[in-house]
């Protein structure tokens, strides 16, 4: 078990390094290939040549990509000094880069946004897992009935709706027209009620999309599992139906769902760009969106990395959970 | 945030009634004797019975026609998509003067807030971008995924290990964020292409590039199991070369899963393109796209909800139609899926 975890953690680290290298390369190689100046992109269009030159030295843009990569990665652990153009900026660990547009280090810009994204995503995840799996199981058991058909049509509509459209519709209905709810982030410690009310719309909207996907997946998996021999065996030996379904069928059904759940949760924790943008919540994803408008590359880079990190870590956790759910999986 | 755009329901099925006889050999009508039916014919019979899938196909066909004949349709029923009609706008609030977003016989779907562009024309032209990008990206992803998936599955060994790792990394990659980062460093002119051409090309390449691992995984898995079958063994023992086996024995059996995946990939691509446009990383204005219209509507939907509803519905209907059709194709080609 321990050896497995160590091996997987090693793989996680390698994966994150690859993602970092590739993302960094995009920022430095594409401008080179297309003949524009990467340093100029970090300051903005109105910058004078001196400050562009300063940025070039600070970021070490003339150095090989691997050297820049090393500076970036070591900065995350020990902090980093940006020196050049006559001044020096210190960026304390964890240094995920420094935004020359806002003159702040990226971590400071992002750290306050993490609870916003986490609250939104975890709340929605609880909802969609309950809604999606329940709907899927009921649909599978009542296969071919009106309930099944209604559920599946709703689910298909759900996966065909862009989340930001649903978000705007919900806002228009519940805030503009009815005046019941607003989407805003209030810290839980400040007011638990406000936290709940402010996040209810984003939760339901986000959960609806994912519940639709999970209902489809659960139904298909459940139907497949119910056709397996061991289910027939369980029934044949006289086990009560709740045990057959709850204990035998549900275990296998949950395996693929857990896989997807890990990836989805990881990806969303790293930035629910669309949802946050549509609801105007200042989470990580919204920071990335704003950064696109300002062409603030270090912020985009940092959010990309945080997302990749949460996806691979969530995958690792899921793989460990497999051992608990599925007795056939032995970690060796 | 990759997942919401990708239908993760690789095996999800809508269990349509499958009335087609399972065994083609016994189903010939007695007076004509026994008739051979190819798997494609069987699939077609099944698809024809699936009303929802046919409805989806009709809508898809209609949308493709709209996209192709966009200039003609707009010429007949609308105003040029980039023409400003400030006379239709309330100068004080920037909202359309007419009720219901300014819908009238002149402006079929109303006008855009602030500048008064014809929403109908922009929706029609938006269909072009949406479908073009989605189709081309799907083709790109399917080609790349098929080739690399077959290579990984058939040759195995270190090639398989390397390709599988690459697929793993790509599936963990935050596609939307990465793409908006990439598009924001792209120049306006690239390889002699200018303006929206660069963006369209970039969108196709990026969406396709992030799509291939999904195809690749499926093709690899299929190839792995197919290459151990007796008929492949037979071909090999008769002295068939690797390329011959790939082309004549494996590829025909991969066409069905690839077709299913390609059909279901298009709606996902449409959603991705719209999402990127919504985030400002899609085609550049003034070229019209649905996602971009919705992103403008974020600021105005409280006073002019129709400008938000119309492009939203356009995306919804298009994606739903493709999904219905795709589900139908899957059920028709893969009867095992709806056991």
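Each residue, glycine too, has its Cβ placed from N, Cα and C.
Bear in mind that TrEMBL entries carry predicted annotations, made automatically and left uncurated.
Feature annotations, courtesy of TrEMBL:
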| type | residues | note |
| --- | --- | --- |
| DOMAIN | A:114-318 | domain 'ABC transmembrane type-1' |
| TRANSMEM | A:9-30 | transmembrane segment |
| TRANSMEM | A:116-141 | transmembrane segment |
| TRANSMEM | A:153-174 | transmembrane segment |
| TRANSMEM | A:194-213 | transmembrane segment |
| TRANSMEM | A:257-279 | transmembrane segment |
| TRANSMEM | A:299-325 | transmembrane segment |
Long-range neighbours of the transmembrane segment (A:194-213), counting only residues six or more past its ends (CB under 8 A): 119-121, 123-125, 127-128, 131-132, 135, 154-159, 161, 163, 166-167, 170-171, 174-175, 181-188, 260, 264, 268, 272, 275, 279, 281
Stretch winning on C-beta pairs under 8 A with the transmembrane segment (A:9-30) (pool: A:116-141, A:153-174, A:257-279, A:299-325) is A:299-325
How about long-range neighbours of the transmembrane segment (A:299-325): same chain, 6 or more residues beyond its ends, C-beta under 8 Å? 1, 5, 8-9, 12, 15-16, 19-20, 23-24, 27, 96-97, 99, 106-107, 109-110, 251, 254-255, 258-259, 261-263, 265-267, 269-271, 284-285, 287-288, 290-292, 331
Using a Cβ-Cβ cut-off of under 8 Å, list the residues of the same chain that are 6+ residues beyond the ends of the transmembrane segment (A:153-174) and lie near it. 135, 180-181, 183, 201-202, 204-206, 208-209, 211-213, 215-216, 274-275, 277-279
